[in-house]
């Protein structure tokens, strides 16, 4: 390494599993990773690594548990009595500004501290970043668990949101950077599938599987929190809502107690002038204690990747300085915003939506909150498969349209249930229509899990160029959290003022969003880095991206390192025009 230590957050070349396979097949024998460099999943080093990973995996679980626990306890009568003199909680139709802030404090804090996480992860290391984040999480959880009034709840929720924001640049890259290169997609995918973090971190990572499993681990934490609350709700004391929050302390306490005794990320060590320590860790976990050819290759790759890493942490000068980069950034930020603006924020208020159609039992409300979460978990895994098979663009368009459809059905059924009234104050409910509302909400969450959980994780990092990715992903997370704040502040007001018409703005936006995706969404499935550059630099990126990947490579005597010929933007757009003309004829 040179005297100037480079900013150590890793970079991705491309994120499609298809692209990774193309890269692997084209690697030369000299110093590059070959398919036989896979490590046996149950080797001595890998078994040790699973134990190390289990601590870092708690980060995403904690985030899901924190959201799920607050959603559930707000429906509990004991909580409502403790914090609201009118006997109604944060999700009640008469909630005030303090009530809405309890929910929205989480994304507000995430917005406020999105810039600090990368600094901590770079200066203190991945372990140091996780340790600081877990301490902040403990503080926030303790304030909530033992809260006596809103003055305790608000800072508690703020600290929780800040902790999750600080954890994002530390825990996910830690898992990836310790994984063997050719095993990363499978191993990290399996690990996370049994456990919302939207940042792509490393080269050679199968981001489709890694990030969707990360979000799946978030959903599992959310589901566990709801299950705990279903059981504690039977208590008649304040322990009914305090106990789930006390249990929430377990994960950050375990992480804070153990994380500093774990091995540091080899990449971080190498970037900070400690290559021998990095080599020792790679030998222990990837070479079963020996300096193998694989370890040597990994050391070479880390050194090579750090040579192209940025020397400046937040460099906005090259973020959108060309037409192609501006288009890339627009797609990435739009995806982050759509991840919160497509209606899924409504599900934070699921108990109130069920109460609106006559489901007054808290236990019933919590069980019906749990069911869509579990279904969303299954459909998120299925969505990962679909993004690789049918492409990103169709998933965005069809998924958003189906979100609009099922929310519209939920609105119609709610209106029938309430006989047109915009409040829950009716004497009789239409039972069949009420079941239709519940079914529509479950189907909506399934579609949202199918489309947006994998796409928010994968698409932004795919569409942005390598030099945009670090700073650009920070803006994506910021956009996502800002939209979350907007939804969480306005939805309770809408439920209070217009009742079932609350669905209408979401339906209208999803229809508009469907049209936007049709006009601007670029297909990235199966595209190499060179093809994506040509697509975004072409006069019409959407049209250019619709050409089948095999048609993009124009035979040439000189091939690229990926085994295809480079295509100029003008050639690509000309072929797209010819394809469109042929279809019209």
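Cβ atoms here come from the backbone N, Cα and C positions, even for glycine.
In TrEMBL, the transmembrane segment annotation falls on 500-520 of the listed ranges 290-310, 500-520, 521-541. Among the ranges 208-229, 362-383, the one that TrEMBL lists as transmembrane segment is 362-383. Between the transmembrane segment (101-121) and the listed ranges 49-67, 128-146, 329-350, 438-459, the one holding the most Cβ pairs under 8 Å is 128-146.
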